[in-house]
């Protein structure tokens, strides 16, 4: 089958006034194709016809599939047997649908089952869609014709006095100008493929039908979020409820097993996976699985070494933005998580969770070697290394090894002499933020660690631990040579 040479679709530097009846564009396309290729098949030879009743039964997706197939056929035909006469005389309803697609640049969605024909009272042209007629009427109403701008956002017209070889058509969204309408039709199809769902009121295009559905609320029965600081226009009631839930903290979705609440269904669905143990996102490097794609993406950065989130205070980089946020608090001193029992504040929620166990006395992680219990699993893992003698973290400067990476990081600062944490009261500098916090208590007199037996208070938790051994009689340090415990 012969194909159409569309190399004539060149761009022009000068703006073009694109207003004229679409019938002239149709005539030019037909004449050009008919004169260029005499022995090719016609549009009617490849067209698939539906009766009005059959067409009404198609949903929006099926109509767009029909459009895509017929447009592809149209672009590959050497001639098109479209008679330039009012569309009301045509027997094929689909051809009217397709022609409006090509020559108006507007994608149509039918909200009714019947096929209603609308005619222009000024020139008599007939349209198969009311909004196509509205778009056409703007040409009669003098829509900015002297300035060379398109009326609407996705409207295609041709110049009144144009002929083949001149600048004919301009598509407003991208500003490209073509010398012949078929070239513009191909260009339109490329752009429309990216945003196939068009608003019939303003012509705005959307990639997804749901986005168009939300947008239509601006023109019709929009529901404004009741919170003034939000000022969002939300159409579906479910979206409005979800927006309100964000402001009020109300969580309407609940799990049946534990009763935990969420603001929307997607959060609920993700949470249910934690109960089922589903981990459908697998790392191709190490085989580790994760519950969601975001966790997998964070994990992949461990293999790549990419740390895109950098601290503006010290230059330290992190793989996740949440890690950077928590780190910045070590510089700013912000501690948003406060213990309701003793008032101690923490920069991270995990720190507060661990601290709360000190009040409850809960230590769920127990060492199988010696029976010692810990509040966190990481503390248990680090403790087990005492029994195994494992010290996997080595200092590159002196070769000294450590049980944990945090201890190695602290040790490295002894080589660099860095003391980034400075007391604002006396100017004394410290290697670690924890030591600065302890030092600050010498100025404030704060002693948050209290002995439950005698009520004596301490500024440091380690001093409280030593003091408690007086009451318990515990002597954990044993001299192996003399068999003496201290």
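Just so you know, glycine gets a Cβ as well, placed from its N, Cα and C.
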Looking at the candidate ranges 146-168, 169-191, report the one that Swiss-Prot labels zinc finger. 169-191
Kindly report the helix/strand/coil residue split of the zinc finger (393-415) according to DSSP, in that order. 11 helix, 4 strand, 8 coil
Are there residues at least six beyond either end of the zinc finger (337-359) with Cβ under 8 Å to its Cβ atoms? List them, or say none. 326, 329-330, 375-376, 448, 450
